[in-house]
Amino acid sequence: MNFLRGVMGGPSAGPQPSGADTIQKLCDRVASSTLLDDRRDAVRALKSLSKKYRLEVGIQAMEHLIHVLQTDRSDSEIIGYALDTLYNVISNDLEEEEQEENLAKQVDDLGSQFTEIFIKQQENVTLLLTLVEEFDFHVRWPGVKLLTSLLKQQGPQVQQIILVSPMGVSRLMDLLADSREVIRNDGVLLLQQLTKSNAAIQKIVAFENAFERLLDIITEEGNSDGGIVVEDCLLLLQNLLKNNNSNQNFFKEGSYIQRMKPWFEVGDDNCGWSAQKVTNLHLMLQLVRVLVSPTNPPGATSSCQKAMFHCGLLQQLCTILMATGVPADILTETINTVSEVIRGCQTNQDYFASVNAPSNPPRPAIVVLLMSMVNERQPFVLRCAVLYCFQCFLYKNQKGQGEIVSTLLPSTIDGNSVSAGQLLCGGLFSTDSLSNWCAAVALAHALQENATLKEQLLRVQLATSIGNPPVSLLQQCTNILSQGSKVQTRVGLLMLLCTWLSNCSIAVTHFLHNPANVPFLTGQIAENLGEEEQLVQGLCALLLGISIYYNDNSLENYRKEKLKQLIEKRIGRENFIEKLGFISKHELYSRAAQKPQPSFSSPDHMMFDHEFTKLVKELEGVISKAIYKSSEEDKKEEEVKKTLEQHDNIVTHYKKVIREQDQELEELKQRINTLTSQNEQLQATVTQQVSQIQQHKDQYNLLKVQLGKDTQHHNSHSDTFQVNGIQTEEVSKLKEELEEWKNKHELLLGQLREKDSVIEKLNSSQLEMGTTEQSSQTIKSAGLEHNSELQKELEMLRSQIQLQAAEISKLQMENQKLQVMNATADPVLGDSGATAATSSELEARLEQEIKELKSEVKALSEEKESLKQHLDSSSSTVAILQDEKSKLQREVAESKKEQDDLLVLLADQDQKISALKIKLKDLGVPVEDEDDIESGDQGDEDEDGDEDEQD
């Protein structure tokens with residue numbers, strides 16, 4: 001602690017000798033007193049001196065205070081005094097009297113140094129975590145404050161100690177459930193410090209149900225109308241979610257986004273917002289932006305955007321956007337929030353396009369916002385927010401881009417209402433340079449990556465003055481450029497023109513058609529102007545380079561080669577490249593390239609747009625190469641491009657053919673799967689029937705054995721009567737079994753008919769599929785497999801019919817045995833006169849039933865014959881299918897031979913294409929690799945390519 005003693009060496013900052021002596025005596029009492037009351041009184045006195053004599057108490061008493069925390073835990077009062085004393089020593093929250101003294105340099109050092117001493121022994125932090133678990137208010141509250149102060153002074157070190165401590169974070173999470181608001185609120189502050197810049201602790205806190213508890217606290221406190229506790233909870237939520245993809249996903253999956261909607265339910269009376277409410281709502285909006293920030297992974301952002309739309313959060317934000325009486329900073333942040341909620345999400349963008357402002361007549365929200373953007377009396381930050389909202393609305397939204405451009409076309413202009421296009425044109429040509437820049441950037445975003453709209457915008461005509469013919473929008477932009485307006489205006493117009501002309505040869509032709517444009521650009525680039533004009537020179541060089549790179553040589557006087565010669569004579573190639581590099585070297589360019597949202601400290605710094613920086617990065621290199629290319633290289637490049645275009649067209653055609661054939665194959669596979677499943681079902685049915693037949697056989701054999709025993713052991717009249725009764729029951733059972741056999745025969749007949757229909761369907765499908773060469777082989781193999789399966793099933797059915805015929809013959813034998821048994825029973829019946837009538841009736845019944853059984857057996861034999869006929873017809877069908885199989889095999893062999901010939905032609909064509917690609921690479925033209933194509937299609941492609949070359 002020598003370095004701390006050195007701090008006391010100042011002439012006037014040292015404590016009074018009496019104070020130092022008192023502190024020393026108190027420390028001795030704490031260390032040596034055996035009575036708890038004496039130690040408690042000494043610690044209380046140290047607490048009272050700790051604010052005035054912070055340095056002395058920290059140096060002399062810290063070790064004794066830590067010892068008290070370790071040994072006197074049974075007494076909550078002394079523990080509380082010790083924790084308060086340590087907090088006063090470590091914390092930098094000084095009283096006004098001490099702030100007036102010349103201790104400013106020592107303040108920061110003291111807190112940090114005492115914290116370092118305290119946490120040097122990690123057991124001290126672990127001990128403090130244990131004390132925080134105590135429910136006693138006088139222990140828990142000062143423990144929370146002390147731990148918060150430690151985190152403020154030495155955050156990363158204390159975080160690491162808590163992280164490795166068993167259940168360290170979980171202990172602190174219990175503070176949020178404390179019923180005493182003071183401890184709960186200070187617990188929120190503690191967790192704020194604990195979760196700063198530590199993703200591991202943020203994840204643990206989130207999975208300890210922090211989101212649920214914090215949202216409950218916010219709801220209890222009144223949402224946006226709550227006090228500073230709501231603000232603290234929102235700051236903690238931001239710590240947990242910002243730049244933490246895992247927690248963001250957990251927040252979304254836990255349906256916590258839906259619980260944010262009530263935060264933004266603002267009433268009709270929006271006057272008199274308190275400062276705390278403005279702060280709370282501002283933090284709530286920032287929390288929404290954290291979930292949908294453009295810096296998040298695209299998938300996570302998209303899922304959060306969809307959840308916000310489905311739960312009605314976006315609709316609620318749009319309500320605030322169109323409400324009256326909302327403070328300016330809340331309105332600005334709401335616009336920024338809506339911007340990122342709709343950015344790149346088609347569903348949300350479509351909804352935002354349908355939102356109307358509550359005016360009479362209703363106007364689209366986009367129009368109302370654009371009015372604010374081009375109004376120079378509006379605050380600068382609000383205008384930037386509206387521009388960002390418009391950019392996000394058009395980001396990856398071709399439908400929205402088309403709607404904006406359509407308001408500029410002659411056929412759609414409505415004279416009775418103000419449209420977005422009219423506002424943009426008005427801002428583009430107003431006297432306010434900031435409006436010029438914002439309108440130019442907004443219009444450039446309407447054309448971003450959309451060649452169709454770039455061509456349509458060429459049709460826009462503007463009426464300049466009464467009596468003069470209208471001029472095109474492109475011409476008017478170049479006219480303003482040549483008039484020498486403000487730098488900000490010219491930069492905006494040049495960015496618009498560069499975006500418009502890039503990747504659009506027709507727009508380049510229109511631009512070059514005006515004879516004044518090229519001399520103006522070369523004159524601007526060639527001059528040696530001041531530093532402010534260098535940015536304009538760089539953009540002029542970029543625009544001239546785009547006019548060369550995307551030139552289709554349709555204008556004889558402005559062909560690529562002539563423009564290059566013009567640059568060589570009037571500017572010089574090296575000078576041109578140097579001026580082009582002014583753009584990317586500019587400081588404002590680097591700032592704009594960092595993030596999509598336009599954030600500028602002042603209107604003068606508003607020069608570059610984020611999307612435009614991407615365009616510059618893409619074109620700067622290719623334009624530099626294009627300037628140094630000769631005419632011969634350009635011609636070779638054009639020839640190679642044409643060849644590649646032809647190749648791309650051929651590839652596209654065959655890709656389409658392949659897709660169609662893939663669809664056909666999928667349909668055929670589905671049909672095969674359906675037939676296979678039907679076949680499996682039928683096989684399962686047959687197996688079930690076989691098992692049922694076996695059960696009936698077993699039952700019949702059991703009954704037959706029982707009947708034989710009864711006829712052997714019963715000789716009396718009563719026994720004879722019982723035998724006849726059993727025979728009657730057996731005959732009825734046999735009749736039921738024959739009825740079941742008859743039903744099963746009918747089922748088998750139905751199954752045979754289904755098999756016949758399946759064979760006919762397969763036959764017709766094979767005839768239809770014979771037209772496509774590539775899918776024939778697959779269908780043939782499937783047909784062959786089905787033929788073999790059908791043959792197996794027919795054989796199984798034949799064997800089943802033979803088994804059933806054997807069963808029928810067994811039943812006939814059993815009937816004969818019953819007749820014999822009746823014959824043996826007649827003498828016994830004749831001896832008894834009393835039972836003669838009954839016996840004659842039974843005999844008549846038996847004869848009748850035997851006749852019926854014979855007729856049923858005859859019917860079964862007839863059904864057997866019909867089944868044999870069906871089997872014969874199925875065999876003939878199988879023979880026909882085998883003939884078709886042999887034909888299909890011959891066709892496959894022929895198509896294989898043709899494919900081999902086509903492969904040879906494809907190899908030659910590939911060699912030619914690779915040679916052309918090598919030439920293109922030597923010329924410096926980037927060549928993209930094409931997708932691999934299946935061998936059969938490559939043969940067809942090469943054959944077409946050879947025919948084109950012969951032509």
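Placed from the backbone N, Cα and C atoms, the Cβ positions cover glycine too.
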Which range of 1-20, 261-280, 641-660, 681-700 is region 'Disordered', per TrEMBL: 1-20
Residues flagged as coiled coil in TrEMBL, choosing from 584-611, 724-751: 724-751
Per-state residue totals over the repeat 'ARM' (60-93) - DSSP helix, strand, coil: 27 helix, 0 strand, 7 coil
Remote residues contacting the repeat 'ARM' (60-93) - C-beta distance under 8 A, at least 6 residues beyond either end: 23-24, 26-27, 30-31, 36, 39-40, 43-44, 46-47, 50-51, 54, 107-108, 110-111, 114-115, 117-118, 124, 127-128, 131, 134, 136, 138-139, 142-143, 145-146, 149-150, 152-153
Confidence summary for the domain 'Uso1/p115-like vesicle tethering protein C-terminal' (787-949), mean pLDDT rounded: 64
